[in-house]
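Heads up, the thing below is written out as structure tokens.
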Amino acid sequence: MNTTAPRTPSPSRLLEHATTAAHAAAEYLRSLDREGLSREYKASNHDIVTEHDRRSEEIIVSELRRLVPGARIVGEEGGERPAEQPDSGADGPVVSFYVDPIDGTSNFAAGLPLFCISIGVAVDDELVAGVIDAPILGQVFAAADGPATLDGRVLAPRSTRPAPDALVLSGYPGQRMGARFPEHAAHATRTLEDSVSAVRHLGSAALELAYVAAGWADATALSAINSWDVAAGFHILRRAGGSLRTWPGEGDAARPDHLQPAYTACTGQERLEVLDTLQDELQELRSAR
């Protein structure tokens, strides 16, 4: 009897599976008439969900279950789903897919094209692959263990421009931290406006990370984020030559980056110090509470 556990798929194969699932959901989302969408609210009026978020996640989960039945799936709408058929035995590597079925739901519900499907893949908490599919924009960012790509074309490493020339994609510190620390939020807004060339907020953390990875902007930052929002973007950014720093908030600093709530990402290895400094200041405020 062969008792050898199945091998964990390679990063490139895991990316293929994630891309297949993302494309299936993208096809569904492109088919929709978004006029008059009904919406529900989660924790606040800033956090909405539609029936199509749930349906998109169902499509993705169904594809991933078919392709990698031994994987754990963590989705924005459905939470954590353990493996149906453990691939590698109790002590083997754990494959996790981090799924955001529509990142940028407010944009999606309003009829804007700035939304995407984001699927990051980790093996034993180390990110190994990621895909970000923007269905209406026709953009697919991806990376496994080779260079990051946009629609199959390699994203060349770029340098982060100095602050006076930099474009920052961010709504830092974000609505939750802004409500908790309004003085810091006001200070951050003034500081960024005075320090960089321009600040724009796209309403999709995954797209902001992808666009920084592509070199279309210099940096992005948020301070209260979830793993499904950033897992794919973090991996794509790094494989494109970008740099990342994270902060634990009130959590465990030993957790991997994609499980931390706060981050600043830059298109090159050069850091945009104004963003790192603001995150340091916010971390001190959070630690003091």
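The first residue you see is number 1, and the count goes up from there.
Cβ coordinates are placed from backbone N, Cα and C, and glycine is handled just like the others.
Predicted automatically and left uncurated, TrEMBL annotations should be read as such.
The model shown is predicted, which means the values in this text are computed figures rather than measured ones.
Here's what TrEMBL has on this protein:
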type	residues	note
REGION	73-92	region 'Disordered'
COMPBIAS	74-84	compositional bias 'Basic and acidic residues'
BINDING	GLU76, ASP100, ILE102, ASP103, ASP229	Mg(2+) binding site
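Sorting the compositional bias 'Basic and acidic residues' (74-84) by DSSP state (H, G, I as helix; E, B as strand; all else coil) yields 0 helix, 5 strand, 6 coil.
Beyond the ends of the compositional bias 'Basic and acidic residues' (74-84), by six or more residues, the same chain brings 49, 53-54, 57, 60-61, 65, 94-101, 226-229 to within a C-beta distance below 8 angstroms of the stretch. Around ASP229 (Mg(2+) binding site), the same-chain residues six or more apart in sequence whose CB sits under 8 Å from its CB are GLU76, ASP100, ASP103, SER118, ALA205, ALA206, listed in sequence order. Under a cutoff of 8 A between CB atoms, and with a sequence separation of 6+ in the same chain, the neighbours of ILE102 (Mg(2+) binding site) are LEU29, THR50, HIS52, ASP53, SER56, PHE108, PHE115, CYS116, ILE117. Under DSSP, ILE102 (Mg(2+) binding site) is assigned to a strand (E or B) in the three-state scheme. ASP103 (Mg(2+) binding site): 29 other CB atoms within 10 A of its CB, across all protein chains. Cβ-based neighbour count (10 Å, all protein chains) for GLU76 (Mg(2+) binding site) stands at 23. Every protein chain considered, the tally of other Cβ atoms within 10 Å of the Cβ of ASP100 (Mg(2+) binding site) stands at 33. Excluding GLU76, ASP100, ILE102, ASP103, ASP229 themselves, the residues of that chain whose CB lies within 8 A of the CB mean position for the Mg(2+) site are, in sequence, ASP53, VAL99, PRO101, GLY104, THR105, CYS116, ILE117, SER118, SER204, ALA205, ALA206, TRP228. Mapped onto three states, the DSSP output places ASP229 (Mg(2+) binding site) in helix.
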